[in-house]
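Taking it in order: structure first as structure tokens, then the write-up.
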Amino acid sequence: MSWFVRKDKGIQTPTEMKREAPDGLWYQCPNCKKIMHTREHKLNAYTCVHCNYHEKIGSDAYFSILFDENQFVELDATMTSADPLKFTDTKPYPDRLRTTINKTGLKDAVRTAYGPMNDITVTIACMDFGFIGGSMGSVVGEKIARAIDHALQNKTPFLMISRSGGARMMEAGFSLMQMAKTSAKLALLSEAGLPYVSLLTDPTTGGVTASYAMLGDFNIAEPGALIGFAGPRVIRETIGTDLPKGFQSAEFVLEHGFLDFIVDRKDLKDKLSSLFKMLQ
Ligand SMILES: [Zn+2]
């Protein structure tokens with residue numbers, strides 16, 4: 001028997017009578033379930049003060065963490081996708097784009113910008129998972145290619161922050177072409193002797209892992225990030241055997257030689273700027 005029983009059914013409270021709890025004042029860590037103040041969480045670079053869980057964040061947060069005083073100039077901020085294949089899944093692709101743009105306030109799954117980071121000018125491309133799973137379509141590829149051009153012209157280091165489910169199926173072959181395009185641009189950056197660091201965050205998979213995310217002079221990752229090409233279920237079904245524990249975690253990938261180091265987000269800015277100073 002419960003302590004309290006509701007006697008009357010269908011009690012409705014008008015909206016103006018509802019008590020307002022300030023929205024988003026507290027943050028509950030999805031890993032250790034402990035609660036902290038959102039301000040404290042933000043000051044801690046969106047990592048848990050108890051267990052160091054790295055919350056998944058987007059370009060807005062990364063730019064504010066990395067650029068000095070959040071000062072940056074965004075590149076190609078208005079570029080949006082066309083619908084070259086007239087693609088329809090559960091809804092037509094242009095509708096999906098429109099809804100996602102309205103919902104997220106983003107134009108596509110990557111934002112590119114340049115600005116000072118500990119007084120060094122850097123060009124950064126940062127993916128947003130909130131935009132159709134951070135999928136790489138023609139806009140993502142083109143914006144990254146142009147950001148690399150910007151780095152080449154202005155002789156700045158280039159940082160790519162990846163967070164993606166892979167290629168965007170609604171653009172099929174056009175998405176796959178972005179792998180070659182971005183890789184070719186990165187080769188030009190390398191020829192010019194400009195440093196490229198690739199940061200893989202949770203999750204980085206598919207065509208993104210198979211192209212620009214793994215082409216850094218340094219490939220680095222955040223702790224616990226899922227990094228892979230195909231998902232574990234697909235691999236398990238293909239090879240017909242169980243996968244080792246921690247398979248496709250940043251720590252596992254590091255141990256097997258695919259990463260240079262894992263960086264705590266709180267140290268990211270300082271580590272990157274000293275790395276760029278060394279490589280310049
Ligand atoms: Zn935690």
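Even glycines carry a Cβ here, placed using N, Cα and C.
Remember, it's a predicted structure, so these values are computed and weren't measured experimentally.
Quick look at what TrEMBL lists:
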BINDING   CYS29, CYS32, CYS48, CYS51  Zn(2+) binding site
DOMAIN    25-280  domain 'CoA carboxyltransferase N-terminal'
ZN_FING   29-51  zinc finger
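The local packing around CYS48 (Zn(2+) binding site), expressed as other Cβ atoms within 10 Å of its Cβ over all shown chains, amounts to 20. In sequence order, CYS29, ASN31, CYS32, LYS34 are the residues of the chain that are 6 or more apart from CYS51 (Zn(2+) binding site) and have a CB within less than 8 Å of its CB. For the binding-site residues CYS29, CYS32, the greatest number of Cβ atoms within 10 Å around a candidate Cβ is found at CYS29.
Same-chain neighbours of the Zn(2+) site beyond CYS29, CYS32, CYS48, CYS51, judged by a C-beta within 8 angstroms of the site's C-beta center, are, in sequence order, PRO30, ASN31, LYS33, LYS34, VAL49, HIS50, ASN52, TYR53. Across the zinc finger (29-51), DSSP helix (H, G, I), strand (E, B) and coil residues number 6 helix, 4 strand, 13 coil.
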